[in-house]
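Notes to accompany the following structure.
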Amino acid sequence: MASESGKLWGGRFVGAVDPIMEKFNASIAYDRHLWEVDVQGSKAYSRGLEKAGLLTKAEMDQILHGLDKVAEEWAQGTFKLNSNDEDIHTANERRLKELIGATAGKLHTGRSRNDQVVTDLRLWMRQTCSTLSGLLWELIRTMVDRAEAERDVLFPGYTHLQRAQPIRWSHWILSHAVALTRDSERLLEVRKRINVLPLGSGAIAGNPLGVDRELLRAELNFGAITLNSMDATSERDFVAEFLFWASLCMTHLSRMAEDLILYCTKEFSFVQLSDAYSTGSSLMPQKKNPDSLELIRSKAGRVFGRCAGLLMTLKGLPSTYNKDLQEDKEAVFEVSDTMSAVLQVATGVISTLQIHQENMGQALSPDMLATDLAYYLVRKGMPFRQAHEASGKAVFMAETKGVALNQLSLQELQTISPLFSGDVICVWDYGHSVEQYGALGGTARSSVDWQIRQVRALLQAQQA
C-alpha cells in the first residue's frame with residue numbers, strides 16, 4: 001500500500017526524493033495508457049487472493065466495486081492524477097484507497113510491480129496485435145481485390161530501376177500483398193508468445209501465498225503460464241519481437257510506397273493519387289505531392305529506431321528486473337500508434353489510386369522482349385546461353401541501325417541465327433509475352449488468378 005508520501009515503496013526511506021529525480025523516475029505520462037488493463041489485472045488478482053484465503057468474499061467484492069469505479073473515472077475522463085502518482089499502478093491503488101479505505105492495501109499482497117507491469121503490458125499488446133492484424137488484413141484484401149479487378153493491365157516491370165520485362169499490373173500489386181501476408185502471419189506468432197501470463201511471479205522468487213496462477217490465467221484469458229518467475233518479470237523479448245515485426249512490415253510498406261512515389265511522377269505517370277491522400281505546395285500551385293506515401297516511407301525509420309533502441313537497452317542488463325525496462329512502454333505505444341496510422345493510410349491510398357492504363361501500355365517497348373527472343377530460340381532447340389548471346393546480338397544490331405528491336409527484318413535476324421523464321425512475329429506481342437509465364441507464381445493470367453486464390457485462402461486461414 002502507498003506510504004504517507006504516496007509511494008508504494010516509501011517505508012524504507014526518510015528523506016524526500018529530489019524533485020528532478022521525481023520527474024525523471026515517473027512514467028505516468030505514458031503508462032497511463034495501461035489504465036484499463038491494470039484494472040483488469042487487479043480484478044483477477046483480487047479473485048486469486050480470495051481463493052487463497054487472503055481476502056474475504058466481502059473484501060474482494062469491495063475491491064472489485066472500487067476498481068469498477070476507478071475504471072469508470074478513467075473512461076469518463078474524470079480520473080484526477082496527483083503529483084505522487086509516479087506510474088499507473090500507484091495512481092490506481094491510491095484512488096482505490098480513497099474510494100474504499102484500508103481494504104485497498106490488501107490488493108497488492110504477494111504482488112510486485114514487476115509482475116504487475118509486465119502483465120499489464122502483455123494484456124495491452126495482445127489487444128493491440130489483434131487490432132493491427134485486422135488493419136493489415138484489410139489492406140491485403142484491398143490489394144487483392146484491386147489485383148483481381150485490373151488483371152488485364154500490362155506495364156513495365158523493373159529491375160535496377162531499368163525497364164526489364166512486361167508484367168501484369170496485378171502481378172506488381174500481388175508481389176507486395178504476398179509479402180504482407182508473411183507479416184500478418186508473423187504478427188499472429190508474436191501475439192501467441194505475448195499471450196502468456198506472468199502474474200503471480202512476484203518480484204523475482206514467485207508467490208509464497210498459495211495464489212492459483214491457473215485461476216489468474218483463466219480470468220485474464222491467457223493461453224499459457226510463464227515457466228520461471230525470474231524470466232517472467234525481466235524478459236522483454238516479446239516487446240523486441242513486436243518491434244521487429246513492425247520494422248519488417250514497415251520495410252515492405254516503405255518499398256511499396258517508394259514504387260508508387262515513382263509511378264506517380266510525371267516522368268512515369270502510371271498512377272495518380274487521390275486528392276484525399278495528397279497535399280499541395282505553399283508556393284507552387286501546380287504541385288500535387290504524395291505526402292501520404294512519403295510519410296509511410298519516412299515513418300519506417302522511426303520504427304527501426306525504436307526497435308534498435310530497445311535492443312540496445314536490453315543487451316547489457318543483468319538478470320531480473322531493472323528500471324531500464326521502463327523504456328519498453330514508450331517504444332510499444334509509439335510504434336503501435338504509427339503502425340495503426342500507416343496501415344489505414346496505405347489502405348486508403350490503394351483503394352483510391354487511379355491508374356493510367358494508356359501510359360502504362362505506351363511505356364512498354366520492344367527491347368523489353370529481348371528475353372522473349374532468346375526463349376523463342378530455346379524453343380527451336382538452341383541452348384539458352386547461345387540463345388541469350390544471339391538475342392544480345394539482335395539488340396546490338398537494332399541499336400546500331402537506330403531502329404526498334406521488332407523492326408529488324410527476318411533476313412537480318414537470320415544473319416544471327418538460321419533458326420529465326422516467320423513465326424518470330426509472335427514474339428513482339430506483349431500479351432503473348434506475359435502469357436508464356438504460366439508456371440505457378442508467374443505473371444500469366446492463370447498464375448495471377450492462382451495467386452489471388454492463394455492469398456485469399458491464407459487470409460481466411462489466418463483469421464480462423
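Keep in mind that glycine also has a Cβ here, set from the backbone N, Cα and C atoms.
So that you can see what the record holds, here are the features copied from Swiss-Prot:
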- Ala2: N-acetylalanine (MOD_RES)
- Lys7: N6-acetyllysine (MOD_RES)
- Ser27, Asn114, Thr159, Asn289, Tyr321, Gln326, Lys329: 2-(N(omega)-L-arginino)succinate binding site (BINDING)
- Lys69: N6-acetyllysine (MOD_RES)
- His160: active site, proton acceptor (ACT_SITE)
- Ser281: active site, proton donor (ACT_SITE)
- Lys288: N6-acetyllysine (MOD_RES)
- Glu294: site 'Increases basicity of active site His' (SITE)
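Swiss-Prot feature annotations superimposed on the structure.
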residue	record	DSSP (3 states)
Ser27	2-(N(omega)-L-arginino)succinate binding site	coil
Lys69	N6-acetyllysine	helix
Asn114	2-(N(omega)-L-arginino)succinate binding site	helix
Thr159	2-(N(omega)-L-arginino)succinate binding site	strand
Ser281	active site, proton donor	coil
Lys288	N6-acetyllysine	coil
Glu294	site 'Increases basicity of active site His'	helix
Gln326	2-(N(omega)-L-arginino)succinate binding site	helix
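Geometry remark: Lys69 (N6-acetyllysine) versus the residue listed as 'active site, proton donor', CA distance 50 Å.
Proximity to Lys288 (N6-acetyllysine), defined by a C-alpha to C-alpha distance within 10 angstroms, is shown by the following recorded positions from Ser27, Asn114, Ser281, Glu294, Lys329: Ser281.
Taking the C-alpha positions, the distance from the residue listed as 'active site, proton acceptor' to Asn114 (2-(N(omega)-L-arginino)succinate binding site) comes to 51 Å. In this structure the residues listed as binding 2-(N(omega)-L-arginino)succinate are Ser27, Asn114, Thr159, Asn289, Tyr321, Gln326, Lys329; their two most distant Cα atoms lie 51 Å apart. Distance between Cα atoms for the residue listed as 'active site, proton donor' and Asn289 (2-(N(omega)-L-arginino)succinate binding site): 8 Å, as a whole number.
Here Glu294 (site 'Increases basicity of active site His') is positioned 32 angstrom away from Gln326 (2-(N(omega)-L-arginino)succinate binding site), judged by their C-alpha atoms. Least crowded of the recorded positions (Glu294, Tyr321), judged by neighbouring Cβ atoms within 10 Å of its own Cβ: Glu294.
There are 8 other Cβ atoms within 10 Å of the Cβ belonging to Thr159 (2-(N(omega)-L-arginino)succinate binding site). Sequence-distant neighbours of Asn289 (2-(N(omega)-L-arginino)succinate binding site) (same chain, 6+ apart, CB under 8 A from its CB) are Ser278, Thr279, Gly280, Ser281. Around the Cβ of Ser281 (active site, proton donor), a 10 Å sphere holds 10 further Cβ atoms from the protein chains shown. Tyr321 (2-(N(omega)-L-arginino)succinate binding site) falls within neither a helix nor a strand when secondary structure is assigned with DSSP, and so counts as coil.
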